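Trainee: Here you go, one structure.
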Amino acid sequence: MHTTSFYHTAPDGVLQCDLCRHYCRIRPGRSGLCRVRKNIDGRLIALTYGRALSQSVDPVEKKPLYHFMPGTATWSFGTAGCNFTCANCQNWQISQALPDEEATPFIPPEKIVQNAIRAGCPSISCTYTEPTIFAEYALDVMKLAKESGLKTIWVSNGYLSPLCLDTIHPWLDAINVDLKSMDDAFYRRLCGARLAPVLDSLRQIRKSGIHLEITTLVIPGHSDDPAMLERLAGFIADELASDVPWHLIPFYPEISWKMHETPATEPSALETAWQIGRDAGLQHVYSASHNDTLCAHCGATLVKRERQFIGAQVKRFDAGGRCPSCNQPSPVKN
Ligand code: SF4
């Protein structure tokens, strides 16, 4: 059993988890909202430490990260559980799974790093489910990864606490955060969370210097309203930076957890959202039909991507970190 260090005992004796913005108060024998942190005999236990449910090699573009080591593979892993309950979740089989220590073999952090090195991956991604809820495991993997010269990535819903962010900061190179909507009602209704903490996290991440990209799932009738998308793009441009990449991805009802009756995203809705991002001044907006990275100064192609994003399907033209046409610095990090 792995005792977490991210908690304190409240004056009334209840354990309070300090890892994410839910700040659950957890009584003896009970678990937090994520169901993977449990008060056992007065200690807060991380039930999924070492219990990776899913491991595989993905293109880094699939995270999605387009301005960080493009064309490379990343060793990806995650554990059961999540601090959100998104009805649209496409990984719900593991995000909504209960921790099962007996059915899930223990995989030590060293093994995750060995797997990445054996597979030839220059980075490790904490992904598939929310890394915040397995932060101790992620941290131990990240520390070993750095010792081995690997980069580290999180794919997050942005609900991590300032304490969590400060703790992972020295070990984290890049993060993609879902900004699902600018409506608090959306977060309450579909995710069991709130909007404001996500915006706070995004501001802090941007200030921290960790490489940041943002993703929005465009769900018909829920997160495709042009006025909302204008506010969202405006937030990125005005409060973060106009060079933060914004990824627009389509919703697929058949693989969602609970939204089978909602239609799939039409290509025209993605195109509308893409134009909203560009009109807001965002320099790099990506969607199914906008996959290439273009120079923000002259429009020359810096990275060309075909659909599967691997090997020769990602071609770079920004040798030396500069645009081949106007010689301005490329926004893409190696
Ligand atoms: S990680 Fe978040 S959801 Fe889980 S117990 Fe801690 S505060 Fe609650």
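Each Cβ is built from the backbone N, Cα and C atoms, and glycine gets one as well.
All annotation found in TrEMBL is predicted automatically rather than curated by experts.
What you are looking at is a predicted structure, and each value in this text was computed from that prediction instead of being measured.
Heads up, here are the entries from TrEMBL:
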- Cys82, Cys86, Cys89: [4Fe-4S] cluster binding site (BINDING)
- 67-283: domain 'Radical SAM core' (DOMAIN)
Trainee: Tally every other Cβ atom lying within 10 Å of the Cβ atom of Cys86 ([4Fe-4S] cluster binding site).
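Mentor: Around the Cβ of Cys86 ([4Fe-4S] cluster binding site), 24 other Cβ atoms lie within 10 Å.
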Trainee: Could you name the residues, excluding Cys82, Cys86, Cys89, of the same chain that surround the [4Fe-4S] cluster site, i.e. Cβ within 8 Å of the Cβ centre of those residues, in sequence order?
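Mentor: Neighbours found: Phe84, Thr85, Asn88, Asn91, Trp92, Ser95, Gln96, Thr129, Glu130, Asn157, Cys191, Trp257.
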Trainee: Report the same-chain neighbours of Cys89 ([4Fe-4S] cluster binding site): residues 6+ apart in sequence with Cβ closer than 8 Å to its Cβ, ordered by sequence.
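Mentor: In sequence order, Cys82, Ser95, Gln96, Ser256, Trp257 meet the Cβ cut-off.
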Trainee: Just to be sure I understand the packing, how many Cβ atoms besides its own are within 10 Å of the Cβ of Cys82 ([4Fe-4S] cluster binding site)?
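Mentor: Other Cβ atoms within 10 Å of Cys82 ([4Fe-4S] cluster binding site): 28.
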Trainee: Restricting attention to the domain 'Radical SAM core' (67-283), give the mean pLDDT.
Mentor: 95
